[in-house]
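Novice: Take a look at this one; I'll ask things after.
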Amino acid sequence: MGSTTDLEIEESDSEEAVSGKGTWKHAAFHVATTIATPAAYAPLPFAIASLGWPLGVSSLVTATLATCYSSFLIASLWKWNGEKHLTYRHLAHSIFGFWGYWSIAIFQQVASLGNNIAIQIAAGSSLKAVYKHCHHNGTLTLQHFIIFFGIFELLLSQLPDIHSLRWVNALCTFSTIGFAGTTIGVTIYNGKKIDRTSVSYSLQGSSVSKFFKAFNALGTIAFSFGDAMLPEIQNTVREPAKRNMYKSISAAYTVIVLTYWQLAFSGYWAFGSEVQPYILASLSIPEWTIVMANLFAAIQICGCFQIYCRPTYAYFEERTGSKSNKSTSYFLFKRLVFTSLYMVLVTLIAAAFPFFGDFVSICGAVGFTPLDFVFPALAYLKATRTANNSKLGPYLRLFNILVATLFSLVAILGCIGAVRFIVEDIKNYNFFHDM
């Protein structure tokens, strides 16, 4: 662990090394790619099914509003004390000091690693579905496609920074819209083809099982709004960075609201309590549209995976290189070795434990909830004097305390539910099970 002086030097070096070049549209691509992934969309109908209509709808709407509010808070704190804070870690250090830096560093790594494991499983599942459509008797397993995806991501990992991914993420954003539109349409189509009298919306299982499913669902919803990268994204935006970031967040959340809610509600309406944790697994006809949705999913996940690699890569670069030597052969070789080790680790875990829904929930509970809901509210309270200087101050302070408290409880309950389901799945499946 570095000292305070070390952290200040790292931030100064980072500020010199990177200057914002992107427009608000580029940032909107990054934000939408980071949050609105097929891995975030796909489990939402299952989460609603685990909570039931009233609690499911209210939880999804509350999470949407809370995370949008939190995103604006983080964007407003980017230069709160007159200095740029180019990473989430450095923003936390400027407000909470040493412990803030390392707390966020740990949560961000948990979120990034957990997210990439979950979405690599999702990407492998989508690629396998396309393969099975073309080769019904094919012998390739889910693990093969997880490995293929990992190799492709290793190649993309050699791009230097988030800004260099802007056109990749533009494609991914359009793939997000394509995935959502296709999946929503096919879900409604399948729902109309089903005998509606056979669809049940009652909560399944024993009383204990219902509680754990509900806890697990809260973690899943938290995961679906995961965005642990806002300061890093804001660093890519040209001045005025705050105003441009506000526009990009607004644009990204417009896409999210227009797609998340529709897929969550239509998926639960179509299949009721029998909906699968990955909504595409519940769809059956017409096959070509399901193939198209899976292709959109795989394309979008490529960009999202890269965004979440970057905190880990940035920390490595802070420790091993600077602006003056990032283009040298030796540095590039070290970077290739490090990114290869990272990809091997993520790919191995994803292949060995292909429990998509479980990783989604525990990642949402342990990683994203502290970063996206709890920390922004607490950081804003500490970093600003609004609570003492306006008539709305006391109410705003109370609201931020309520948000932090509520989602701290969500994190605890989501973690309990996720751990239970992981334990159950390990009992029922072997390592490297072909799901």
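Cβ from N, Cα, C; glycine included.
Just so you know, TrEMBL annotations are computer predictions that nobody has curated.
Fair warning: this is a prediction, and the values are worked out from it, not measured in the lab.
Sharing the record's features from TrEMBL:
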DOMAIN    21-418  domain 'Amino acid transporter transmembrane'
TRANSMEM  53-78  transmembrane segment
TRANSMEM  99-119  transmembrane segment
TRANSMEM  139-156  transmembrane segment
TRANSMEM  168-191  transmembrane segment
TRANSMEM  251-271  transmembrane segment
TRANSMEM  291-309  transmembrane segment
TRANSMEM  330-353  transmembrane segment
TRANSMEM  359-381  transmembrane segment
TRANSMEM  401-423  transmembrane segment
Novice: In terms of Cβ proximity under 8 Å, which residues at least six beyond the ends of the transmembrane segment (359-381) contact it?
Specialist: 39, 43, 66-67, 70-71, 73-74, 76-77, 88, 91-92, 95-96, 104, 107-108, 110-112, 114-115, 117-118, 121, 216-228, 277, 353, 387, 397, 400-401, 403-404, 407-408, 410-415, 417-419, 421-422
Novice: Is the number of Cβ-Cβ pairs under 8 Å between the transmembrane segment (291-309) and the transmembrane segment (53-78) three or more, considering only pairs separated by 6 or more positions?
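Specialist: Counting Cβ pairs under 8 Å, fewer than 3, so no.
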Novice: Between the transmembrane segment (99-119) and the transmembrane segment (330-353), are there three or more C-beta pairs closer than 8 Å, counting only pairs 6 or more apart along the chain?
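Specialist: When sequence-distant Cβ pairs are counted, the transmembrane segment (330-353) touches the transmembrane segment (99-119), since at least 3 lie under 8 Å.
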Novice: Cβ under 8 Å, sequence separation of at least 6 from the ends of the transmembrane segment (330-353): give me the contacting residues as numbers and ranges.
Specialist: 113, 116-117, 120-121, 124, 142-143, 146-147, 149-151, 153-154, 157-158, 309, 312-313, 316-317, 320-321, 359, 422, 425-426, 431-432
